[in-house]
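Lifted from TrEMBL, the feature list:
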type: BINDING; residues: GLY14, SER15, GLY16, VAL17, ILE18, GLY19; note: NAD(+) binding site
type: DOMAIN; residues: 11-185; note: domain '3-hydroxyacyl-CoA dehydrogenase NAD binding'
type: DOMAIN; residues: 188-256; note: domain '3-hydroxyacyl-CoA dehydrogenase C-terminal'
Amino acid sequence: MRFITDIKTFAALGSGVIGSGWVSRALANGLDVLAWDPAPGAEAALRQRVANAWGALEKQGLAPGASQDRLRFVATIEACVKDADFIQESAPERLELKLELHSKISAAAKPNALIGSSTSGLLPSEFYEGSTHPERCVVGHPFNPVYLLPLVEVVGGKHTAPEAIQAAIQVYESLGMRPLHVRKEVPGFIADRLLEALWREALHLVNDGVATTGEIDDAIRFGAGLRWSFMGTFLTYTLAGGDAGMRHFMAQFGPALQLPWTHLPAPELTDKLIDDVVDGTREQLGNHSISALERYRDDCLLAVLEAVKTTKAKHGMTFAE
Ligand SMILES: NC(=O)C1=CN([C@@H]2O[C@H](COP(=O)(O)OP(=O)(O)OC[C@H]3O[C@@H](n4cnc5c(N)ncnc54)[C@H](O)[C@@H]3O)[C@@H](O)[C@H]2O)C=CC1
Ligand SMILES: C[N+](C)(C)CC(=O)CC(=O)[O-]
């Protein structure tokens with residue numbers, strides 16, 4: 001089966017926070033968009049959200065022909081999907097609801113139109129169980145705001161064709177995104193496993209009276225949050241190991257995971273896990289020395305600090321706010 005990758009018409013089912021983000025991104029990329037949502041007043045709310053996002057999208061740069069007028073809100077699931085080249089579902093996070101919705105979407109869609117779900121962590125093998133042509137069905141998990149953040153996690157289920165994963169990656173790239181193929185189907189995928197761990201711990205801190213939510217957010221936004229925009233945890237910690245890199249870092253700070261500071265159970269630090277982490281970060285380092293990456297990290301930090309400061313001032317805020 002050749003899946004459609006040269007898309008002209010994008011269908012969005014569910015037009016809440018995430019659905020309207022997809023609609024905005026698709027319109028900004030010069031596509032025709034069909035949207036459906038069963039809630040009363042959904043069309044007006046969607047148009048309002050798209051209008052709100054449009055200023056940022058104009059600053060980022062619109063594709064030729066991009067226009068909010070190319071959005072058509074329709075009355076049925078069938079009208080939304082039957083002529084669509086690509087379909088993205090962003091309905092509430094309930095397994096039964098998604099199961100029923102996808103059986104209807106897939107029955108009415110062109111057989112070679114890819115179908116993506118925005119789910120934050122439900123398993124595609126489960127909610128695509130009743131779908132027609134499930135080989136074209138994937139998860140495309142985005143991040144809020146969908147029209148600006150590039151990451152989209154692409155996850156297949158037990159019936160998804162490998163070619164469909166590649167085709168979906170191609171489509172998401174054509175929408176200016178940075179797809180990440182999650183190779184193993186697990187609840188929460190990669191990013192939400194991490195975000196949930198952080199969030200759960202933050203709730204423990206509040207619950208234990210250690211910090212307020214504002215203090216916890218300060219702990220993120222004035223520290224690791226600034227460096228996360230350009231360097232992930234593994235490479236950051238490799239640099240934190242100095243010239244000896246990740247192996248020294250693991251020896252020095254790995255045992256503290258067993259104390260534990262957190263309320264989450266820690267993984268057992270087996271030799272295999274350490275080797276996997278060391279080998280993985282070695283690959284990430286490539287030919288770059290630790291000191292070269294430190295210069296890169298510092299340059300990026302300065303640029304981000306300057307950008308945040310300038311942007312906040314434009315909005316009438318001080319840097320400390
Ligand atoms: N809010 C977030 O930060 C993120 C949410 N997601 C995922 O995106 C999906 C949508 O979440 P949100 O946009 O946040 O929710 P939301 O509550 O803002 O929007 C859901 C929309 O679905 C509509 N809806 C209700 N029943 C429906 C049905 N049977 N078929 C189609 N639409 C229906 C509602 O009227 C509403 O407009 C969920 O699967 C969620 O896990 C993914 C990434 C981030
Ligand atoms: C809270 N959430 C699980 C819905 C968040 C996401 O899925 C991604 C995001 O935007 O943080």
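Any Cβ shown, glycine's included, is placed from N, Cα and C.
Overlay of TrEMBL feature records on the structure.
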| residue | record | contacts (Cβ under 8 Å, 6+ apart) |
| --- | --- | --- |
| GLY14 | NAD(+) binding site | ASP37, GLU89, SER90, ALA91, PRO92, SER118 |
| SER15 | NAD(+) binding site | VAL23, ALA35, TRP36, ASP37, ALA42, GLU43, ALA45, LEU46, ARG49, PHE73, SER90 |
| GLY16 | NAD(+) binding site | ASP37, SER90 |
| VAL17 | NAD(+) binding site | ASN144 |
| ILE18 | NAD(+) binding site | SER90, SER118, PRO142, ASN144, VAL146 |
| GLY19 | NAD(+) binding site | ALA12, LEU13, ALA35, ASP37, LEU46, GLN88, SER90, SER118 |
Sequence-ordered binding-site residues from GLY14, SER15, GLY16, ILE18, GLY19 with Cβ under 6 Å of an atom of ligand 2: none
Counts by DSSP class (helix H/G/I, strand E/B, coil) across the domain '3-hydroxyacyl-CoA dehydrogenase C-terminal' (188-256): 56 helix, 0 strand, 13 coil
Reduced DSSP assignment, GLY19 (NAD(+) binding site): helix
NAD(+) site, defined by GLY14, SER15, GLY16, VAL17, ILE18, GLY19: further same-chain residues with Cβ within 8 Å of the Cβ centre: ALA12, SER20, GLY21, TRP22, ASP37, SER90, ALA91, SER118
Integer average pLDDT (0 to 100) for the domain '3-hydroxyacyl-CoA dehydrogenase C-terminal' (188-256): 92
